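These features come from Swiss-Prot:
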| type | residues | note |
| --- | --- | --- |
| BINDING | TRP11, ARG30, LYS108, ALA141, ARG256, VAL280, GLU282 | NADPH binding site |
| BINDING | LYS108, GLY137, SER139, LYS192, ASP245, SER255, ARG256, ASN257 | sn-glycerol 3-phosphate binding site |
| ACT_SITE | LYS192 | active site, proton acceptor |
Amino acid sequence: MKVAVLGAGAWGTALAGHLAVRHDTLLWAREPALVADLSASHENARYLAGVALPASLRYEADLAAALDHALADNALCVVATPVAGLRGLFRAMRDAGKVPAHVVWLCKGFEADSQLMPHQVVAAELPEHKSNGVLSGPSFAREVGQGLPVALTIASASAACRERTVAAFHHGAMRIYTGDDVVGVEVGGAVKNVLAIATGIADGLGLGLNARAALITRGLAEMSRLGVTLGGRAETFTGLTGLGDLILTATGDLSRNRTVGVQLAAGRTLDDILGALGHVAEGVRCAQAVLAIARAHAIEMPITQAVCAVLFDGVAPRDAVSALLRRDSKAE
């Protein structure tokens, strides 16, 4: 099978390496200098240092050439850009007249200005395209790059998209589950990043494991309330792309969003933290969108509100925690 992976960040690189073990895989990067480095070393020293990539993996800086690779019969296009780059990439496909038959995206979050979910952005740019979906689940790029076990879910209304995705990814140490709750999967992927900032703050303040467990559990309730209201199914949020991804992101030391929270608790500014990370922390990007959507639907999300207060309103992390603890008792 031919597979084109569009986006050579940590996640795109790790998945391209996995795919290249079995398939004719091409990894597209926006920067020619990065493509040159990848081709010479078979290592993404910028985003996934120390992880060796298969010699069979090929690299391309020309988007048109990468799309041509994905236009082959039964090929798969994997879009590995952040949410902020999703619309532009799909618009480029449309404008070039090079829209692959089967497309999956990996990004987690809401588009900042429109507050749209990724599938809504795709539908706006490619309204006639049907064989598409989101691949998500509890996964750190570095562990996938190292060949460690992982389980992901492909959510799509298209059986053809689900079948192509399983055929591409389900081998080695990677297990793929299938479903059709695109809304639930996308809401889970967005909200868990915001909640991971909250658990990072609690861990950074030394509030203990009890507090972490409470935040994860009550955070899951926030995620479920929002997701069901937006059209997701309740059972999705106790699966891999809901609770599973939340546990990993909220507790794992490789989590960028959790790291943001830990560093905020240590007194560092958000600008300094993001500058030092050198990677996208989607929880910061989409926190305000999540809260705005919740308020528009009169959904109570106090943990998300507390995270936004720390990120954008200058509220001290310890004060935000105190405000949560002062909330009135209620039925669970």
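Using the three backbone atoms N, Cα and C, a Cβ is placed for every residue, glycine included.
Overlay of Swiss-Prot annotations on the structure.
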residue	record	Cβ contacts under 8 Å, 6 or more apart
TRP11	NADPH binding site	ALA80, LEU106, SER139, ALA141, VAL144
ARG30	NADPH binding site	ALA8, ALA61
LYS192	sn-glycerol 3-phosphate binding site	LYS108, GLY219, MET223, GLY242, ASP245, LEU246, THR249, ALA250
SER255	sn-glycerol 3-phosphate binding site	PHE140, ALA196, GLY200, LEU248, THR249
ARG256	NADPH binding site	LEU277, HIS279, VAL280, ALA281
ASN257	sn-glycerol 3-phosphate binding site	ASN193, VAL194, ALA196, ILE197, GLY200, THR249, ALA281, GLU282, GLY283, VAL284
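The Cβ neighbour count for LYS108 (NADPH binding site), using a 10 Å radius and every protein chain shown, is 28. Take the CB of GLY137 (sn-glycerol 3-phosphate binding site) and look out to 10 A: across all protein chains shown you find 24 other CB atoms. Within 10 Å of the C-beta of ASP245 (sn-glycerol 3-phosphate binding site) there are 26 other C-beta atoms, taking all protein chains into account. Under the DSSP three-state reduction, VAL280 (NADPH binding site) is assigned to coil, being neither helix nor strand. Across the annotated binding residues for sn-glycerol 3-phosphate (LYS108, GLY137, SER139, LYS192, ASP245, SER255, ARG256, ASN257), the two most widely spaced Cα atoms sit 16 Å apart.
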